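Worksheet: one structure, shown below.
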Amino acid sequence: MVLSLGYESALWDAGARVVVGIDEVGRGALAGPVSVGLVAVSRCDSWPDGLADSKQLTARAREALIAPLSAFGVGRTVGHASAAEIDQLGIIGALRLAGVRGLAALAGEGIVADAVLLDGTHDWLTTPPADLFSTAADDVVTPPVTMVVKGDGLCASIAAASVIAKVERDAIMRAAHVEHPHFGWEGNKGYGAEAHLDAIREHGPSDWHRVSWKLPEREPSS
C-alpha cells in the first residue's frame, strides 16, 4: 500500500472543501475508552514525513509525528466514549458517539466537514434513522461518508487520524495504570494480554472495564 491524498483529492474535485479522515482505536480492548481520531484537510499536496498507519509505527515514531501533524490540515481532534458508554450503547453506538463528539469539537473550532473518509468496511458513523440515542453532540449532522478498506495505509488524512487517536488513547491508559497498576495497562493498554486477564481473575473488573463484555470471572478468595 502507498500512502497518498488520492481519495481526498477526488472529494475536493467533487466540491468538498474540507475532508475529514477518521480512524478508531481501542475497539477490541477489554478496558478503557474507544477513541476516534479525526483530521480535517483542505486541498493540499503533502503530509508529514514518516506518516503511516499507526499500527506500523513504533510508539516513539508515533509520538514524534504529533508535532508535525499539528501543522497538517486545518484541524484535528480525538473523540472518546467511555467503557460505561460502551456497555450502555454497544460498541457501534459508542464508536458513533465518539465520532460525533469529534465532529462537534471540530465544528466548535469553526471547521465543518463536507465529506468523511472512514477506515474499514462498515459505516458506523452515519446515524441510522431508527437510532435515537442521545449524545452531547445531537446538533451535529454527519456528512457523507466514504469507506476506504485499509484506509489507514492509503489515505494520509486517515493515517494521521490513526496516529493521533493511538497516541491519545495510550496516554489515557498509562494514566489509568497509575490508579490500577495490577492490570498492566501501561503495557497492554487495556487489551486482552494474559497478564491482564489474570489480574481480572484475581481482582475483578474495575470501573474502566467493559463489564458487558465476556470478561474472566473473578476467582473465589482462598
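Glycine is treated like the rest: Cβ placed from N, Cα and C.
According to TrEMBL, the divalent metal cation binding site annotation covers Asp23, Glu24, Asp119. Summarising the annotation, TrEMBL assigns domain 'RNase H type-2' to 17-222.
Packing around Asp119 (divalent metal cation binding site) is summarised by its Cβ count: 23 other Cβ atoms lie within 10 angstroms of its Cβ, all protein chains included. The average per-residue pLDDT of the prediction over the domain 'RNase H type-2' (17-222) is 93, rounded to a whole number. Other residues of the same chain near the divalent metal cation site, with their Cβ within 8 Å of the Cβ centroid of Asp23, Glu24, Asp119, are Ile22, Val25, Val36, Gly37, Leu118, Gly120, Gly151, Asp152, Ile158, Ala161, Ser162, Ala165. Of all Cβ atoms in the shown protein chains, 28 besides its own fall within 10 Å of the Cβ of Glu24 (divalent metal cation binding site).
Cβ neighbours of Asp23 (divalent metal cation binding site) (same chain, under 8 Å, six or more residues apart in sequence): Val36, Gly37, Ser54, Leu118, Asp119, Gly151, Asp152, Ile158, Ala159, Ala161, Ser162, Ala165.
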